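Participant: I have a structure I would like to understand better, so I am pasting it below and will then ask my questions one at a time.
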């Protein structure tokens with residue numbers, strides 16, 4: 001099995017590997033069951049990349065049913081060290097507008113009933129999540145967005161809810177009081193599993209609409225239009241970001257388990 005150091009998990013809107021050259025599918029078996037789909041290995045600007053659509057090829061897997069452990073394990077088996085997660089999100093702030101991107105730097109976990117760790121015993125891991133996202137990847141991502149003229153907010157707190165339903169207005173107002181900037185359903189447990197796998201993790205959050213706190217009428221047509229535009233923008237962003245990633249890691253992400261195991 002060929003080794004691939006960079007992985008991409010595609011969210012809503014990013015299901016097809018058509019942004020990769022020389023794509024080929026790899027079927028990977030994991031102790032946690034099958035991943036969301038076969039892993040597609042291809043290239044971006046000459047760099048090998050492994051891609052998994054989080055919700056399956058046709059968005060047939062809801063967020064609370066995604067096999068997050070299998071997805072991360074499959075990418076780890078391929079040798080992935082840097083993982084780029086792409087997510088569609090709602091905005092909890094007036095200035096984070098539909099069509100904007102956010103380079104997430106913090107998260108709040110409001111999920112329930114998901115499987116959050118690879119270490120269910122007898123070995124237990126308590127990984128630090130004080131700074132959940134790789135500073136090296138975040139810096140490169142922000143730089144690429146600026147270069148391409150893509151509006152990207154350099155910081156943002158992502159509140160992850162269980163789904164698949166959306167928030168009530170009361171909940172949406174509460175999330176704003178919590179200090180959350182964007183809302184989605186898939187960041188957790190993806191981010192903590194990647195940390196346990198010693199991966200560098202980056203989340204590119206694409207704002208599709210305002211959450212219900214704003215009480216602004218949103219049509220399915222408008223959301224679909226923004227999502228399509230976001231998908232094309234994120235492909236351009238990935239095409240610029242991937243070749244800028246250095247071969248060797250200088251961050252501390254690979255040492256996440258050094259003092260975490262009991």
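Note that Cβ sites are derived from N, Cα and C of the backbone, with glycine treated the same way.
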Participant: Return the residue out of 12, 144 that Swiss-Prot annotates for the same phosphate site as 54, 55, 87, 88, 186.
Facilitator: 12
Participant: Give the number of CB atoms, excluding that of residue 211 (substrate binding site) itself, located within 10 Å of its CB.
Facilitator: 25
Participant: My understanding is the cutoff is Cβ-Cβ under 8 Å with a sequence separation of 6 or more in the same chain; which residues meet that for residue 87 (phosphate binding site)?
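Facilitator: Result: 11, 12, 158, 184, 186, 187, 203, 204, 205, 206.
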Participant: Using other CB atoms within 10 angstroms as the count, which residue among the recorded positions 12, 167, 186 scores least?
Facilitator: 167
Participant: List the Cα distance (Å, whole number) between residue 209 (substrate binding site) and residue 167 (site 'Important for substrate specificity').
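Facilitator: So the alpha carbons of residue 209 (substrate binding site) and residue 167 (site 'Important for substrate specificity') sit roughly 13 Å from each other.
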